[in-house]
Amino acid sequence: MAICADKALTFLRVHAFTFMLIAYGLFVVIGAVVLMILEQPEENLLVKEVRELKALFLADNPCVEESSLDRLLINVLSASKRGVATLESASDECNFDFTSSLFFVITFLTTTGYGTTVPLSDEGRLFCVVYCLVGIPFTLLLLSSLTHALLPWVTHTPIHNLQVFWGLSRNNAALLHCSLLAFCTATLFFLLPAGALCLLENDWNYLESLYFCFISLSTTGLVDYLPGRTQSRAARQWLEFATSCYLMVGLIVLLVVMESCWELQQVQAIMRFFAGPWQGELKGVGLDELVLSGDMTGAEEEPHYTLPISTISPAFTDSPATPTIELPPVFGLTPIAATKENIPPSLRPDLCQSTSTSQLIQWNWTL
């Protein structure tokens, strides 16, 4: 039994990261399903009520054309924070089908929160609170783990290759690599997606598309722009799914770039300049940077000495010079002066034929 338990623990340790990825994927899917189950009935009820009001209005006002009323309602509802489409139009907009719920969960867990889709029921709001308490720390853990797993491949190995094959110093190699990494990130996750959105959304210009990419990856999540709201249902669902993937991958890449730039010597120097003694990194702290904790103002303790009481010069020579004896001060004791008269004859080179290079001196100390 113990052997099986050890094997199971070893297997879990080896595949822990894979299990975390699978668990997070299941966590996101379960959240989307629960939110869809909780919110779809409330949304359908709201749609039914608005359609009944529309039919009643047309019955009471036969002079109003239904197409004109539909256009009016489309313009009004597109500006609504809830964004609930209640018309039988080409958009057939629904905020809590599975794709929309998945999109809402991703924006919720990454704290982007565009705000165009909100829970309509009390149960949905309560679920969002509980789901957030678990999901946001889980998301941060996953992003941090992925970032540190990618750093050796994306940053450390390329910098090492630049040092070996190009003969650059580590600082110059890191600067060159971070510059290329930042350029590629800006191109792949800001400039190109902005161009694609500009083509997909007819009423967006390039600046508006670039603005949407920035507010998304910076997790600002302003509600003034959101792709797919004027598209068909299939196009909207595809754009929501693509935006969900874009958010997760983009955040991971941005964290890798930030960690890579954080390791630059120039950045560390700037941080030390502004943080000063409050920069509390615990990596490689020298002995002179250690801070002793505890009360240092208490009663004085008797000092403890680790040096020997007496040390003799390394060797005696045949010269008649008197040997040098260093007597470190000892607390509470007064040593006898090391004069020529009170040195034992065995240690006098002028009286001995040969002397050893190291002998133990026994001294009589007087209090």
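Our numbering is plain: 1 for the first residue shown, then up by one each step along the chain.
Placed from the backbone N, Cα and C atoms, the Cβ positions cover glycine too.
TrEMBL has this to say about the protein:
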type: TRANSMEM; residues: 16-38; note: transmembrane segment
type: DOMAIN; residues: 94-150; note: domain 'Potassium channel'
type: TRANSMEM; residues: 102-120; note: transmembrane segment
type: TRANSMEM; residues: 126-153; note: transmembrane segment
type: TRANSMEM; residues: 174-197; note: transmembrane segment
type: DOMAIN; residues: 182-259; note: domain 'Potassium channel'
type: TRANSMEM; residues: 209-226; note: transmembrane segment
type: TRANSMEM; residues: 238-258; note: transmembrane segment
Overall pLDDT of the domain 'Potassium channel' (182-259), taken as the mean: 87
Contact call for the transmembrane segment (102-120) and the transmembrane segment (238-258): at least 3 Cβ pairs under 8 Å, seq gap 6+: yes
The transmembrane segment (126-153) and the transmembrane segment (174-197) contact flag, 3+ Cβ pairs under 8 angstroms: no
Candidate ranges 16-38, 174-197, 238-258 - greatest C-beta contact count to the transmembrane segment (209-226) (under 8 angstroms): 174-197
Contact set, same chain, for the transmembrane segment (174-197): CB under 8 Å, 6 or more residues outside the stretch: 154-155, 158-159, 162, 168, 204, 206, 209-210, 212-214, 217, 227, 246, 250, 253-254, 256-257, 260-261, 263-266
